[in-house]
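As given in TrEMBL:
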DOMAIN    23-301  domain 'Deacetylase sirtuin-type'
BINDING   48-67, 130-133, 236-238, 262-264, SER280  NAD(+) binding site
BINDING   TYR92, ARG95  substrate binding site
ACT_SITE  HIS148  active site, proton acceptor
BINDING   CYS156, CYS159, CYS196, CYS199  Zn(2+) binding site
Amino acid sequence: MPAGFAAIVSKLRSFHRIGSQQQRLMSDSVQDFTSVLQNAKKVVVLSGAGISAESGIPTFRGEGGLWRDYDATELATPGAFAANPSLVWEFYHYRRTIVAGAAPNAGHYAVAALQRRCRRQDKDFVLLTQNIDGLHARAGSNDVVELHGSLWKTRCCHCKAVETNRDMPICAALDGKGAPDTANEANIPSMQLPRCQKCNGLLRPHVVWFGECLERDVMNRTNDALQGCDLLLVVGTSAVVYPAAGYAPMVKAHGGVVAEFNTEDTPISYNCRFKFQGPSSVKLPLALGIGEDELAELKQSL
């Protein structure tokens, strides 16, 4: 782990410890939350797998989670890709297929509506997401900071070129492939897997795998977003993966307000002044005061 990144993680963990010593009663008052939102000058939203689970996309953790049948350490690591790129590409083709058939839900649209509202009111707004599915953009959100990359981008292992690719399938050899079965060896020849159009090098999904660091540009944009943030909305994240798990404690330590939207308590719940427990597709529009007419207008404008 690079020294600079290690220092950031250490700092975030220290904020986490500070938060545990300053636990306070959480509120689910929409009226009080509305008052804080109205007075906020810089609003940041951090979203995780929970918001997309309501669109039918499996999550990494929990009952019915994506990794229940397929071990993350086998499929989502640089070592796994080096050992068996065919297996990993079959898995990501499976994930791309699931996401391609999904649609944004009211939670995604509520975040997009909040972004538009903040811009009309000359408030700073930043959307950080741990999700790689692209549903926020499809719901109308702009300038999304994708912390963990994107299913719809590739990176060349040789020349490092990053390209957007929404082809389904991404290459002919993956056509018809379903969920990868680790019991049967994946054996698509390397030259038939996705290749770089510039240098013909092997492509990999442009996502952050276990054991990898966030890209420097993403880290810089995230740090800029959190500086001066006076209201952080944490939506559908398990809050166990760093550095994102440290964002709520950081904002609280700097005097900002944290509001959590989740179906259950998480390790960062004690940092939150507000806790709206339930589906984000229900709780977000309710807390933000975004009615069905506004959501319908947003959908029609896309």
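In case you wondered, yes, glycine gets a Cβ from its N, Cα and C as well.
Taking the binding-site residues GLY48, GLY56 in turn, the residue surrounded by the fewest other Cβ atoms inside 10 Å of its Cβ turns out to be GLY56. Of the listed binding-site residues, namely SER52, GLN130, THR263, the sparsest Cβ surroundings within 10 Å are found at THR263. Within 10 Å of the C-beta of CYS196 (Zn(2+) binding site) we count 18 further C-beta atoms, all protein chains included. Cα spacing between ARG95 (substrate binding site) and CYS159 (Zn(2+) binding site): 25 Å, rounded to the nearest whole number. In the structure shown, across all protein chains, CYS156 is the one of the binding-site residues CYS156, CYS159, CYS199 with the greatest number of other Cβ atoms within 10 Å. The Cβ centroid of CYS156, CYS159, CYS196, CYS199 marks the Zn(2+) site; residues of that chain outside this set whose Cβ lies within 8 Å of it are CYS157, HIS158, LYS160, ALA161, GLN197, LYS198, ASN200, GLY201, LEU203, given in sequence order. The Cα of HIS148 (active site, proton acceptor) lies closest to that of GLY48, out of the binding-site residues GLY48, GLY56, TYR92, CYS159, CYS196. Cβ-based neighbour count (10 Å, all protein chains) for GLY236 (NAD(+) binding site) stands at 27. Of all Cβ atoms in the shown protein chains, 20 besides its own fall within 10 Å of the Cβ of HIS148 (active site, proton acceptor). A straight line from the CA of CYS156 (Zn(2+) binding site) to the CA of GLY48 (NAD(+) binding site) spans 27 Å. Contacts of TYR92 (substrate binding site) defined by a Cβ separation under 8 A and a same-chain sequence distance of 6+ are given as LEU151, PRO205, VAL207, in order along the sequence. A simple way to gauge crowding: the CB of ARG95 (substrate binding site) has 19 other CB atoms within 10 angstroms, across all the protein chains here. Note: the CA-CA distance between CYS196 (Zn(2+) binding site) and SER52 (NAD(+) binding site) rounds to 30 Å.
Each residue in the domain 'Deacetylase sirtuin-type' (23-301) has a pLDDT score, and their mean in this model is 93. Of the candidate binding-site residues, SER52, GLY56, GLY236, THR263, the one lying closest to CYS159 (Zn(2+) binding site) when CA atoms are compared is SER52.
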